[in-house]
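Here it is, the structure, as structure tokens.
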Amino acid sequence: MLFKKLIKQKLCEPNVVMYSTMIKGLCKFGNNVIALALLRLMEQKNCKPNVVTYNTIIDSLCKDKMIDDAFNLFEEMVSDKGILPDVITYNSLIHGLCKFGHWDEAKKMLIEMQDQKISPDVQTLNVLVDSFCKEGKIEEANAVINIMVERGKVPNIVTYSSLIDGYCLRGLVPNVFTYNSLLNGYCKNMNIDKAMHVFDEITRKGLKPDVVTYNTMLQGLFQVGRCVAARKLFDEMQAQGLIPNQCTYQIVLHGLCNNHQVEEALSLFQLMGDSKLNSDIVAYTILIDGAGKRGKFDIARNLFHDLINKGLQPDVRIYTVLIAAGSLDTSMVHLLGKLVPKELLDHPNLCDWERN
């Protein structure tokens, strides 16, 4: 073994990184006894282990259900060596406690973490939620999620997958909010096939997708360029009796424009008629920006005149698009001078226009 040769023949004095790497390799294959022996050898060689070294062994001991040994090593690290634990240390110990069903001790460790000013992360949350759900403790799992959300920690796909599994183990049906959260996670990661599977599962469970469900799916489909599927889903939404809200239309308009379908977006916008949505400055901004990026300056110019006629106040993004495209004719330049607030004229994106 090369590492032994290095030590015996004193070819090179191993440092903490080398020892820690060896320990990690040993722990990966469950060789905890040898890993602990190497830790002792480090100390004999006056090479001080760090929190990473201890974390590796503590985590391995917890995974092998040697929880008492893990806590003894934790005590040694903190009390004897004066090495401060981190979030990884606590996550490993909490996971180990949960494996044995020691829920109260796990909660105490969570409190101790926070007392030590160590902020729990999403991994901490997932460990607790997954463990509670596997034991059918849905109420406790939801309580943990609520606490973490209040503290600014955002649950992820793993969190909500565990929660849904927990509901199923109890013979319960998760609510639409839980499914929406899972959908949002998959769509953000552009894993649209899994998102579609979850979407189909909602109806199979006898639940009714709400506007948020459809908005999430629409955004996900447009994001990966599946415009036909998105339009079909948009039609299905309305066929189900759900009324698209302002956010829905903005998602669809933005999705169409981003996928080079400015004319289709404009047609949809015109179908809105005299509704409040047709007087939405955000919708105008999306369309003008989309038209400008695709070189469709006539559309952008017409939309600009339309919004002015409706008494809407353009924002700097709209002016930037039109100016950058050279789409302001003389009448529009005069109009710009009258309508643009001074703070917008001072905006760096408009400096070139102001100097001309």
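Backbone N, Cα and C define each Cβ position, glycine as well.
Sharing the feature lines straight out of TrEMBL:
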type   : residues : note
REPEAT : 15-49    : repeat 'PPR'
REPEAT : 50-85    : repeat 'PPR'
REPEAT : 86-120   : repeat 'PPR'
REPEAT : 121-155  : repeat 'PPR'
REPEAT : 175-209  : repeat 'PPR'
REPEAT : 210-244  : repeat 'PPR'
REPEAT : 245-279  : repeat 'PPR'
REPEAT : 280-314  : repeat 'PPR'
At a C-beta cut-off of under 8 Å, are there same-chain residues at least 6 beyond the repeat 'PPR' (50-85) that contact it? List them, or none.
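Hits for the repeat 'PPR' (50-85): 16, 19-20, 23-24, 27-28, 30, 32, 35-36, 39, 42, 92-93, 95-97, 99-100, 102, 116, 118.
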Given the model, what does the mean pLDDT over the repeat 'PPR' (15-49) come out as?
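Mean model confidence (pLDDT) across the repeat 'PPR' (15-49) is 90.
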Restricting to the same chain and to residues at least six past its boundaries, which positions have a Cβ under 8 Å from a Cβ of the repeat 'PPR' (175-209)?
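Same-chain contacts beyond the flanks: 155-157, 160-161, 163-164, 167, 216-217, 219-221, 223-224, 226, 240, 242.
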When the repeat 'PPR' (86-120) is classified with DSSP, how many of its residues are helical, how many are strand and how many are coil?
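So the counts come to 26 helix, 0 strand, 9 coil.
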On the DSSP side of things, how many residues of the repeat 'PPR' (50-85) fall into helix, strand and coil, could you say?
27 helix, 0 strand, 9 coil
